[in-house]
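**Student:** Input: one structure, supplied below.
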Amino acid sequence: MDPLAGMDDSSTDDDTSSQATEDDPQVPENQAPPPATAPVPPPVPAAGPREKPHYALRHTLRGHTQSISAVKFSPDGKLLASCGAEKVVKIWSPETGEFLRNLSGHTQGLSDISWSSDSVYLASASDDTTIRIWDVETGMTHKLLKGHTKWVFCLNYNTVSNLLVSGGCDGDVRIWNAARGKCMKTLHAHMDYVTAVHFNKDASLIVSCALDGLIRIWNTSDGQCLKTLAEGHDAICQHVQFSPNSKYILSTAHDSTIRLWDYQTTRCLKVYKGHVNAKYCISACFSVTGGKWIVAGSEDHKTYIWDLQTREIVQVLEGHTDIVVAVATHPSQNMIATGSIDSDLAIRIWVDPPVGGS
Amino acid sequence: MNESLINPFTLSHPTAVQTSLFAGATFAKFDPTGRFIASAARLAFSVQIWDLETRAPIRWLDGHVKAITNIDWSRNSRYLLTSSRDWNAIIWDLSSPCDPPQRHGSLRFDAPVVSAYFHPKNSQIILALLATGEAYVCDLRKQNRSRIELLETITDEGIEEEENNGQGVMRSPMTVARFDPTGKNIFVGTASGSILVFNTRTKTMIARHKISGAGAMKGFDFAKSGRRLVSNSSDRTLRQFILPSYSNPPTDTELLEQSQPPFLDLELEPTHRFNDPINRTAWHAMCYSPDGDWLAGGAADPSGHKIYIWDISNDGQLASPLDGGREPLLHLHWHPTRSLLASTTNMGNILIWHHPNPERWGAFAGGFEEVDENVEYEEREDEFDIEDEEVQFQRKMKAEEEEVDIDTIVTGAQAAVLGGLGTLSGNMGGAATPIGTGPSGNYSMDIDKLGSGMGDDIEAAWAEEEPDTDIRGAWKMKVIMDSEEASEYY
């Protein structure tokens, strides 16, 4: 890196000096300042190879006895929640890696969890067709949401956390009043399992995707379908979410591809490849705390990190001994949590030490 | 931010009732963020806050002992100001976690309070109007703590005239008092049909407009730009005025020299008059749309719930009358950013009007677009040419090189500036108007442009001394849920 920078320096110096000599041979005496300033610009081209993440394993959290389906950091960053096929939600401290408590009450396995924005409540989607909203501090069920006719597969709060959206295996998307626990609206959204639902930032739109291969965008207030995105061929999409500013959506599909869409123009802007994803519902997420990355699990037991802009794989996290289906990024620190299915059953927490640390 | 996807055509006015809230209210107002509605309960003398998304009441403010006459929200919705016939005005802090929230402050007057408003830039400056026809500016800031009555300047000729009539100096009672959207000036309507303009900082009268034939003033509403005013008066006519630019008040030294500061005495001619030519019904309330292109008037018709919408951008033509059923209308308010209206019936129900989008079935099919008419398709010359896959791939990869921005949030105000809409001037683009400046304002009249001179900066600086604690995103509404059985209703 440094030798290269030096090379750049010398070449630019040569250029300027040669030009100067052509113009006026006496000027080089006055050209003293440019060589002094010249070393300053090169670091910019030298930084051309973008900075890369350096995530390293910090904790391995063991305790789940059946496949993990989701891990989520609380919005205040103090807690990590995980769920799996074993009917309980587990709360961990991401900082120390210690297990804090179980939230138990569901009678079937769990598929997804979501934190309210104040980090007080946690909603969980279960195969017992209900959603429970938990008071995380006390571990008690705050509300029990009944209405889905089949397994509930995915859910999310909106930013102000007065609404909850959930998707079920009957193809329905339901919008709930989170404070009262009542279903406000049912959208007969898809023909197959709804595998992901997500609100945009101001909760005016919902994006959903299902195993019927379609991504649909809905108007929250009147429940109308506004747009359908489909990649066309065998790209069955199984996870979808809005970008942090809600300008784009990120989808993962069963052709081992993650796509970033501009949903206004229905254009696929970026394609991220290199991982293996043909069978399981594997989520991806944005990482914006350090560099801008896309993070996703893979069926080859690894976790991949791509550069958002260049679409290159910048780091591969190895350590899990089975398929990584769940990933989450910390809201304010360079921290990633990954969860794996049966035979590994561990959650691993990876951190990128800040510059000057380590 | 998603208006273009939700409604690909221009933002239109509401046309149909979406929901009604059984509030038992006398009037209801949206908050500046557009997430809540505050309604004044008729019987309990309390205020209810509703969540517009879940359509459920989330807070109750109980403190008055007589009817509530007006509700005003602070600019980022944290504080609520209620005025009541019980001679009090109360400031509520909605971030308070206790239920009912404690009073943040209260002001006591010597007569029933007709209305009380927050200064648009600082919720510690309050304009109150009493039933006796007096208006007060109450400054609650530590440095400027004061309560000053707004007094109409009576000219010498006027005094002589009055003396000839054998009466003392009589000022006409004030019937309306409002800040303009910048907070620089206060507009006061009087029972004798004039509009008085006061400077907020100096509390001196800077202009008087006689409105011929108007009778007593009943209400004002401003377009967001602050250059257009609509007035309601006892002659059952709504008048729209384009306001002149007001000179800045004289400095304090000049004031000392002159016992009577000069003011602009000008008769204003309305650009439009709106009335009901057949039934001559009066108006209970009127409200501009967020972009100022529409004006909604609520008719004081005892036999039905009628709202008239006029298209201001199209020379004030009547766009459509809305019929809300048999319960007469008491009040109406337009949502700060969206095409939504809240009208209150005399039975206490709040009707939420919206603009229903026609269902677009084409949206259910991927890569399919509905067109209104058949389009003759013209094939491009090279449309079906076989292209080298390698070239195609290269082009795709090139397109993907484009940088994307996933986490910069463009707010409404920024979007308007980026869009070059130019409806905002320097002092409007600040914290005072963070809403309602979204991309919907494609249409902008030249008159909506505000001239910002040195004087405006002084006024703004004065108002922003000792800023209040109403900061966007720095507080959160605590949601209170009532008992389980009540939840069945909503």
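One-based numbering along the chain as shown.
Using the three backbone atoms N, Cα and C, a Cβ is placed for every residue, glycine included.
Found this in TrEMBL, in case it helps:
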type: COMPBIAS; residues: A:10-26; note: compositional bias 'Acidic residues'
type: COMPBIAS; residues: A:31-46; note: compositional bias 'Pro residues'
type: DOMAIN; residues: A:60-350; note: domain 'WDR5-like beta-propeller'
type: REGION; residues: A:1-51; note: region 'Disordered'
type: REPEAT; residues: A:61-102; note: repeat 'WD'
type: REPEAT; residues: A:103-144; note: repeat 'WD'
type: REPEAT; residues: A:145-186; note: repeat 'WD'
type: REPEAT; residues: A:187-228; note: repeat 'WD'
type: REPEAT; residues: A:230-271; note: repeat 'WD'
type: REPEAT; residues: A:291-316; note: repeat 'WD'
type: REPEAT; residues: A:317-347; note: repeat 'WD'
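How buried are these features, and what lies next to them?
**Tutor:** Looking just at the domain 'WDR5-like beta-propeller' (A:60-350), the mean pLDDT is 89.
Residues 66, 69-70, 72-76, 78-79, 81-91, 150-157, 159-161, 164, 166, 168, 176, 178, 180-181 of the same chain sit 6 or more residues outside the repeat 'WD' (A:103-144) yet have a Cβ under 8 Å from a Cβ within it.
Outside the repeat 'WD' (A:145-186) by six or more residues, the chain places 108, 111-118, 121, 123-127, 129-133, 192-199, 201-203, 206, 208, 210, 212, 218, 220, 223 with a CB less than 8 A from a CB of the stretch.
Same-chain residues lying 6 or more positions outside the repeat 'WD' (A:187-228) and placing a CB less than 8 Å from one of its CB atoms are 153-160, 163, 165-169, 171-175, 235-242, 244-246, 249, 251, 261, 263, 266, 281, 283.
Here the repeat 'WD' (A:230-271) has Cβ contacts under 8 Å with residues 195-196, 198-202, 205, 207-211, 213-215, 217, 277-286, 288, 294, 296, 306, 308, 311 of the same chain, all six or more residues outside its ends.
Under DSSP, residues within the repeat 'WD' (A:317-347) fall into helix, strand and coil as 0 helix, 15 strand, 16 coil.
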**Student:** So, by DSSP, how many helix, strand and coil residues make up the repeat 'WD' (A:187-228)?
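**Tutor:** Secondary-structure composition of the repeat 'WD' (A:187-228): 0 helix, 23 strand, 19 coil.
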